[in-house]
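Reading through the structure tokens given below for one structure.
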Amino acid sequence: MAMWLFVIILIFTFTLQAIIPYYIRETEVFGIRIPEEYVHDERIVQLKKRYTLLLLLLEVVFIGAYLLANVILEWNEASQSFWGASSLFVGMVVSLGLYVIHHQKVRAWKQKENWASGRRVKKVIDTSFRHRLELIPSYFYVIPMIFSIAIGVLLLVKYDELPNSIPVHWGPTGEVDGFANKRIATVISLPVSLLFIQGLLWFFRLSLAKSGANLQVRAKKRSLEQQLAFRKFTSWLLLFISIAITVLLGYAQLSILYPDFGTAKGMMILSVLFVMGILGAVLIYTLKVGQSGSRYTTMEDEEVGDTSTDSLEDHHWKYGLFYVNKNDPSIVVEKRFGIGWTLNFGQPFAWGIVFVFIVFMIFIGFTTK
């Protein structure tokens with residue numbers, strides 16, 4: 001089971017990375033914003049194709065090596081999980097390396113040939129943008145958080161009735177394979193973990209309404225409609241993830257309280273459904289919406305009369321991945337490469353989020369020993 005689950009995850013991850021160049025804005029190529037006149041430049045077209053083909057080739061190599069090693073070495077479930085996770089990590093590192101190489105090529109072409117020369121640069125701001133947003137109401141995100149708090153309180157109330165060894169990790173087959181001695185920190189570690197994740201997703205939902213809209217000069221109406229759709233469906237995706245995680249971890253916590261409630265088979269089925277559900281939701285989101293709503297079909301006509309170009313702002317993006325702009329009040333901004341959002345590291349609050357996350361990971365590490 002573990003082997004095939006990781007094969008599915010590897011296929012999904014590599015394939016998604018490979019097609020990313022075609023599911024983001026055409027004017028954003030490997031983290032570099034280019035004028036529209038260069039979107040169909042033969043070098044850009046070929047660079048995208050090469051990146052995609054290389055990653056698909058790597059996908060075949062990694063999955064083939066993983067399956068072959070499993071047959072030859074006859075791995076058990078634990079080894080399948082370890083090497084599956086290792087393959088995923090190494091694959092992401094290699095993918096990142098390929099991205100950086102292609103990013104540098106586009107940057108070099110743009111600088112050497114001065115693509116932005118002689119063009120008026122504009123930045124479009126729509127003051128009515130926030131009033132038209134159709135996001136999932138915040139209280140829908142609070143409901144799962146109330147559940148986590150209730151479970152945490154219930155665990156503390158029934159603390160004396162809990163076993164001396166608390167389950168803290170479940171294997172691919174749903175069997176508990178990690179225990180920790182009973183203490184307050186261990187008992188509340190799962191509810192706190194769940195509450196932290198739910199709170200983070202809620203924070204991103206709130207940020208969708210406050211983050212500035214990135215509209216295109218030559219297609220103001222179209223890009224506005226795409227932005228509205230992008231944020232609307234992002235709020236749906238965030239809520240779906242919050243509910244899915246709540247169901248999975250909630251089941252695990254209830255099995256600690258009521259051992260007869262949770263079974264290994266039930267945990268395994270829920271884990272598989274969780275992974276498949278998240279992967280499926282992200283895939284649909286990518287194919288139907290795309291980054292910045294680039295795949296969303298809108299009836300608004302494109303405005304082609306303006307010959308200006310969008311604000312490039314490449315200097316605020318480090319390798320097209322890390323956004324650093326202290327003059328932008330937004331905490332969360334759209335990615336330039338990839339699907340979703342990232343932090344504005346020019347704002348101290350963003351670093352505060354990183355710090356809290358690190359502290360949280362250390363807390364979980366200590367409480368589950």
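Quick reminder: no glycine exception, Cβ is built from N, Cα and C everywhere.
Unlike curated entries, TrEMBL annotations are predicted automatically.
Source: prediction; values computed, not measured.
What TrEMBL records for this protein:
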TRANSMEM  6-24  transmembrane segment
TRANSMEM  51-69  transmembrane segment
TRANSMEM  81-101  transmembrane segment
TRANSMEM  139-157  transmembrane segment
DOMAIN    149-192  domain 'DUF1648'
TRANSMEM  184-208  transmembrane segment
TRANSMEM  229-254  transmembrane segment
TRANSMEM  266-287  transmembrane segment
DOMAIN    326-351  domain 'DUF5808'
TRANSMEM  349-368  transmembrane segment
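Cβ atoms under 8 Å from those of the domain 'DUF5808' (326-351) belong to residues 16, 20, 23-24, 28, 30-33, 99, 103, 204, 207-208, 210-212, 214, 230, 234, 282, 285-286, 290-292, 316-317, 320 of the same chain, restricted to positions at least 6 beyond its ends. The average pLDDT the prediction assigns to the domain 'DUF1648' (149-192) is 86. According to DSSP, the secondary structure content of the domain 'DUF5808' (326-351) in residues is 4 helix, 7 strand, 15 coil. Taking Cβ pairs closer than 8 Å, the transmembrane segment (6-24) reaches residues 30, 48, 51-52, 55-56, 58-59, 62-63, 66-67, 80-81, 84-85, 87-88, 91-92, 95, 275-276, 279, 282-283, 286-287, 290-292, 294-295, 336-339 in its own chain, all 6 or more past its ends.
Secondary structure counts, DSSP: the domain 'DUF1648' (149-192) has 21 helix, 12 strand, 11 coil.
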